[in-house]
Structures are given as C-alpha cells and as structure tokens.
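Residues or ranges marked as substrate binding site in TrEMBL: Arg10, 14-19, 23-26, 31-35, 48-51, Arg56, Glu70, Ser99, 113-118. Annotated ATP binding site per TrEMBL: Arg10, Tyr17, Glu29, Glu77, Glu86, Tyr87, His88, Lys95, Asp96, in sequence order. For Glu29, Glu77, the entry in TrEMBL reads divalent metal cation binding site. The active site, proton acceptor annotation in TrEMBL covers Glu70.
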Amino acid sequence: MANNTTGLTRIIKAAGYSWKGFRAAWINEAAFRQEGIAAIVAVAIACWLDVDAITRVLLIGSVLLVMIVEILNSAIEAVVDRIGSEYHELSGRAKDMGSAAVLLAIIIALITWGTLLWSHYH
C-alpha cells in the first residue's frame, strides 16, 4: 500500500515516526539511555568550551554519530528478535556486527574529542 501524503503532511508524519523511534529507543534500550545521558553532558561541554565553530561541530557530530549507530544497532536487534528466539548463526552475526559498529562509533568519538582537545589546549 503506497503512502500518498506529500508536502508538509508527509514531513509532520515523518517527524512523528522519528519521535516514536527516539521514544522506543529510550524506553527499551539501556545502552541508548546511557549514551543519551553521556551525549547531553558532552554536548554541554562542547558548547561551554572555548573552541571555534568547526571544532564544536566535530565534537558534537561525533557524539551524535554514536547515537545514530546505537539506534541502528537497536533496530537490527529488534528485527532479529522478532524473527525468533532460537539461536541461529546469522542472527548472532547480525547482532555482533551491530555491536561492533557501535564500538567503532565510540572509538571515532573518543579519537575526535582527544585529538581536537589535545591540539586546541596543548
């Protein structure tokens, strides 16, 4: 069934679906809540620091990348869990790869923060 909404109506509906996604991640995923709280703190610090706009955008962007990847990982886990509870190698592989993606995003954020702050304050 095709969705025929266009223009502002489509944007409003899409925003509603996005809000449902954020809410589902916050309610159902402890890792998302932990990273969300860390992101709030990190964004506040990035706004407080005496750095140029590009540095601030990179600091905040790296934190948001972690949140994006965590949401995608949670979506993968939800789909795999929906398929069935019995163990299957491909299901385990999908979940492990999602987790690895989150780890890489966290490493990128740490390297970004470390490099930018080191070069700015050293």
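Each Cβ is built from the backbone N, Cα and C atoms, and glycine gets one as well.
Automated prediction, rather than curation, is the source of TrEMBL annotations.
Proximity of Glu77 (divalent metal cation binding site) to non-local residues of its own chain (separation of 6 or more, Cβ distance below 8 Å) is seen for Lys95, Gly98, given in sequence order. Rounded to the nearest whole angstrom, the C-alpha distance between Gly114 (substrate binding site) and Glu70 (active site, proton acceptor) is 21.
For Glu29 (ATP binding site), the nearest of the recorded positions by C-alpha distance turns out to be Glu70; the candidates were Arg10, Tyr17, Arg56, Glu70.
With every protein chain in view, the residue among the binding-site residues Glu29, Glu86 whose Cβ has the most Cβ partners within 10 Å turns out to be Glu29. Taking the binding-site residues Tyr17, Phe32, Trp48, Trp118 in turn and counting surrounding C-beta atoms within 10 angstroms, the largest count is reached at Phe32.
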